[in-house]
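Q: Here's a structure for you.
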Amino acid sequence: MEADPAPSSTPPPSSPAPAASPSRHPPGEEGGGAERVEVEEYVDPPSPDCCGGADPDHAPPPSPKGEEPVVSAEEEQAAVAGGEGEALRSFLEEFGDQGDDSLVPSPKLKQINTPDRLAALRFLGGKYNSLLERYKQQVAKCAEECAPRYDGLKKKYADECAERRRLYNELIELRGNIRVFCRCRPLSTAEISNGCSSIVQIDPSHETELQFVPSDKDRKAFKFDHVFGPSDNQETVFAESLPVVRSVMDGFNVCIFAYGQTGTGKTFTMEGIPEDRGVNYRALEELFRLSEERSSSVAYTFAVSILEVYNEKIRDLLDESSEQTGRKLDIKQTADGTQEVAGLIEAPIYTIDGVWEKLKVGAKNRSVGATSANELSSRSHSLVKVTVRSEHLVTGQKWRSHIWLVDLAGSERVNKTEVEGDRLKESQFINKSLSALGDVISALASKNAHIPYRNSKLTHLLQSSLGGDCKTLMFVQISPSSADSGETLCSLNFASRVRAIDHGPARKQADPAETFKLKQMTEKIRHEEKENAKLLESLQLTQLKYASRENVIKTLQEKIREAEQTSKTYQQRVRELENELANEKKAARDTARSTKPPLAPMRQRPPLGRIGNHIPPKAPLRLRLSKAPTIQNKENIPVMLNKGSSGADTSKAVAGKARRVSLTPVIRHIPLQPKRRSSLAVLPTQREQLSIFPDKRSVSRLSHIQMPRRSIATFNSIPATPLAAAAHKQVDGTPEARQLRRIEFSSSKFRSPPALARFNSRNNALSPQQKLRLASGSGNASKICFSVQKRVILGSPAPVKSSLLSGTGIFNPALREKMMAAKIGNAQRVFNTNRRKSVL
Ligand SMILES: Nc1ncnc2c1ncn2[C@@H]1O[C@H](COP(=O)(O)OP(=O)(O)OP(=O)(O)O)[C@@H](O)[C@H]1O
C-alpha cells in the first residue's frame with residue numbers, strides 16, 4: 001500500500017540537511033511491504049480534532065508540557081553514533097523536533113537505507129505509541145465530557161419513543177380496535193379455464209372500497225379498513241398490518257385472523273409459502289426486530305404455542321409425542337380474564353430461525369385434506385399464539401401480552417365441495433364453529449348482554465380477542481370468481497358486521513405477578529378506605545355530640561345569666577325594702593319617742609307579773625291607705641278594705657277607730673314575692689342558742705336553722721279574705737260592734753288564715769308580762785322582725801268562736817313558750833311557705 005506522495009505533505013526543511021552518511025545497506029533492499037504497512041497504520045489520524053497535525057499543511061501542535069519526547073536525545077545520538085546514515089540523520093533532524101503529531105511521509109522513509117531504517121522505524125514506533133496514548137486520553141476525556149449530553153439524549157430518545165407509541169396506539173384506537181382488511185386473490189388457472197369472470201372490482205385509488213358486481217345489474221359497495229387486490233403481494237399486506245403487530249410489543253393483546261370461503265387464500269395470507277412468507281412469519285420477524293431495536297431500554301422474551309381446533313377438539317401442534325391423541329386439552333379462564341389452554345406447550349424462541357422451525361412443525365402437524373375446492377384444504381382452525389414478556393430496564397415495569405395468529409378453516413358448501421365420510425364430518429364441525437363465530441359477532445355488533453362465546457371451542461378461545469380489550473385484525477378472504485359469488489357475498493356481509501362491532505379501547509396488559517401485587521395493593525387500599533370511612537363517621541358523630549353539648553352549655557350559660565340577672569333584681573329589691581324598713585323603723589322609733597314616755601330602766605320597772613292587764617298608751621296609727629294597694633302584701637301594714645253595708649269605706653272608719661299598739665320598737669315590713677313567702681324568726685342569743693341547741697354543730701350552723709313558725713307572732717288575718725269577712729260580719733254585724741274600735745296589725749304580705757287570726761281584746765289581749773317580754777327584746781330590734789298582725793277591739797268585745805282562736809298564734813301556750821325562747825334571739829327570714837303554713 002502506497003501513501004499519497006502529496007507534495008504538500010512534505011514539510012519544508014527546518015534546518016540545512018546534514019551531510020549524508022554512507023549507507024550500509026544495499027540499494028536494492030528497500031523497505032518491505034509489511035514495514036510500510038506498519039508505518040502507514042501508525043500515521044493514520046483518527047480524527048482531525050484529535051490530531052491537528054494530520055494535515056501537513058497545518059502546523060503541528062506543540063508537545064504537551066512535561067511529556068516525554070518520543071525519541072530521547074540519547075537514543076537519537078546513539079542512533080547517529082551507531083553509524084546510521086546521512087539519510088537517517090536528515091530524517092531525524094527533519095521530523096524529530098516536529099512534535100508528536102507530525103506525519104512522516106513514506107517517500108522520506110524510503111530514502112533511508114536499510115541499516116538505518118530500523119532506527120527510523122523505532123523512532124516512528126515510539127512516536128506512534130505516544131500518539132496512541134494521547135488519543136486514548138483525549139477519547140476518555142471526550143467521553144467524560146459527552147456523558148451527560150449522551151444521557152440526556154438517551155432519555156429524550158426514550159421519551160420520544162414512548163410518545164410515538166402512545167400516539168400510534170391512539171391512532172389505532174381512533175381507527176377502531178377491530179380492523180377489517182379484505183383480500184381478494186387472483187383468479188386461479190382452473191377458474192380461468194372454466195370461463196369464470198371476476199365479480200370484484202377494486203379501484204386502486206380507493207383502497208378502502210370494493211365493488212361487488214355479480215351481474216351487470218347488481219352492484220354492491222363494501223367498505224373496509226383496507227382492500228387488497230389480486231396484485232397486492234404479501235409485503236404490502238403485512239405493511240398495513242404492522243401497526244397492529246407492533247402493539248403487542250407495547251403490552252397490548254392482539255389477534256389477527258383470516259376468514260373466508262375455502263380456497264380463497266387464508267393459509268396463503270397467514271402462513272404464506274416458503275418463497276413468499278405470510279403474516280405469521282413476518283409478524284414474528286418484526287417482533288424480533290423491535291426487540292433488538294429496543295434492547296437498550298426493554299428486555300423481551302418470546303414463547304410460541306401452536307394448536308388447532310379439529311372437530312371441536314384442541315390439539316397441540318407442537319406436541320409430537322404419541323400421547324398427543326389421548327390428551328385432552330381444555331380451555332380455562334385465568335385470573336386476569338383471559339383464556340388459556342391448560343397443558344399447552346409454550347416453546348421459548350430466541351431467534352427468527354427458531355420461530356420458523358416451530359411454524360414448520362405446526363404446519364406439518366396440522367390436519368389438512370384434499371377437497372374439490374382445495375388440494376390442501378385446512379380441515380381445522382389453526383392458532384399460533386406468541387407470548388411476549390417485557391421488562392423495562394429503567395423503570396422495572398413488567399407486562400405480558402400475546403398475539404393470536406389464526407387461520408380459520410374455510411366455510412364451504414358441503415354439496416358443492418362434494419365431501420363425504422371424514423371430510424363431511426370435518427365440514428360440519430367447521431361450519432358449526434364458523435356459525436358460532438357469526439353468532440358471537442352478531443351479538444357483539446348488536447351489543448347483546450349475553451355473548452355466546454362458549455358455543456364453540458373457537459369462539460371460547462378467542463373470547464378476549466373478539467370482545468375483550470385487545471386489538472383485532474380480520475382478513476376477509478374472497479374469491480373473485482363469478483362461480484363463488486354467493487360465498488363471497490356471505491363473507492363480505494359477515495366482514496361488514498365484524499367491522500360494525502363497537503369495540504372498547506384496548507387495555508395494556510400487565511404481568512400477572514404485577515397484577516397480583518396491584519390487586520393486593522388495591523385490596524389494602526380498599527380496606528384502609530373502609531377504616532377511614534368508619535373513623536370519619538365516628539368523628540362526625542363526636543362532632544355532633546360536641547355541638548349538641550355546646551348548645552346545652554350555651555343554654556345553661558344563658559339560664560345562669562338570667563338567674564344572675566334575677567338575683568341582681570332581687571338583691572336590688574331587698575336593698576330597697578331594707579332601706580324602706582329602716583326608714584319605717586326610724587319613723588316608728590321617732591313616733592314612739594314622741595308619744596310614749598321613755599321606759600324606766602329595767603330595775604325601776606315593776607315585774608311584768610304585777611302589771612296585770614296593762615293597756616299600753618295610745619299610739620298614733622300609721623295608716624298607709626294611700627299605699628295599701630301597692631303594698632298590700634306586706635306585713636304590719638293595716639289594710640282596711642272591708643266595706644260596710646252602707647257602702648262607705650268601712651276601713652276608713654275602722655282605721656279611725658283602730659289604735660296601733662307598738663309592741664316592739666321596730667315593725668318591719670317584709671315585702672317579698674307572693675310565691676316566696678318569708679317570715680322573720682326570732683333567733684335566740686348565743687347563750688340561749690346553747691341552751692336550745694345542745695349540739696355544737698347546730699350552733700355553728702345556726703344561720704341554717706329554721707325556727708318553727710309558732711315562734712312568729714301572728715295575730716290576725718286580712719279582713720279582706722272571705723273567711724275573715726265572715727268573722728267580721730259576726731262581730732261587726734251588730735250596731736255595738738260597729739262602734740268597736742279596731743286596731744289591726746296585719747301583714748299584707750303574710751296573711752294568716754282568717755280562722756286563726758281573729759281574737760278579741762278580752763280573750764286575746766296581750767298580758768303586760770307578754771308586752772314586757774316583747775318590749776325587752778327591743779335590744780335586738782335591728783335583728784328581730786316580727787310579722788305582727790293584731791286587731792285590738794276596743795269596748796265590749798263580741799264573742800268570738802273559740803274554734804277560731806284555740807291553739808293558734810301567740811295565744812297558743814306552746815307557741816308562747818317558743819316565743820319566749822325567741823324573744824331575744826336574732827331574726828331569721830324563713831322563706832318556706834309550707835313551713836309557715838304548718839306553723840299556722
Ligand atoms: N393472493 C394470492 N396470490 C396468489 N395465489 C394465491 C393467493 N391466495 C391464494 N392463493 C393460492 O390459492 C390456493 C388456495 O389457497 P389457500 O390454501 O391459502 O386457501 P385457504 O383459504 O386456506 O383454503 P382452505 O380453507 O381450504 O384451507 C393456494 O394454492 C394459494 O397459493
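Glycine too: its Cβ is placed from the backbone N, Cα and C atoms.
Bear in mind that the values here come from a model prediction, so they are computed numbers and not experimental data.
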Q: Ranges 211-247, 396-432, 581-617, 618-654: which does Swiss-Prot label region 'Disordered'?
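A: The listed stretch tagged region 'Disordered' in Swiss-Prot is 581-617.
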Q: I need the most crowded of these binding-site residues: THR262, THR264, THR267. Count other C-beta atoms within 10 angstroms of each C-beta and give me the top one.
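A: Per the Cβ count within 10 Å, the most buried is THR264.
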Q: Using all protein chains in view, find how many other C-beta atoms are within 10 Å of the C-beta of GLY265 (ATP binding site).
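A: Summing over all protein chains shown, GLY265 (ATP binding site) has 23 other Cβ atoms within 10 Å.
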Q: Any idea what the model's mean pLDDT is for the domain 'Kinesin motor' (177-501)?
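A: Summarising the domain 'Kinesin motor' (177-501) by its mean pLDDT gives 85.
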Q: When a 10 Å sphere is centred on the Cβ of GLY263 (ATP binding site), how many other Cβ atoms does it contain?
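A: Its Cβ has 27 other Cβ atoms within 10 Å.
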Q: Just to be sure I understand the packing, how many Cβ atoms besides its own are within 10 Å of the Cβ of LYS266 (ATP binding site)?
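A: Total other Cβ atoms inside 10 Å, all chains included: 28.
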Q: Can you tell me how many other Cβ atoms are located within 10 Å of the Cβ belonging to GLN261 (ATP binding site)?
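A: Around the Cβ of GLN261 (ATP binding site), 24 other Cβ atoms lie within 10 Å.
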Q: What are the sequence-distant neighbours of GLY260 (ATP binding site), meaning same chain, six or more residues apart, C-beta distance under 8 angstroms?
A: LYS266, LEU408, GLY410, SER411, PHE475, VAL476, GLN477, ILE478, SER479, SER491
Q: Could you give the number of helix, strand and coil residues in the compositional bias 'Basic and acidic residues' (581-593) as assigned by DSSP?
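A: Computed counts for the compositional bias 'Basic and acidic residues' (581-593) are 13 helix, 0 strand, 0 coil.
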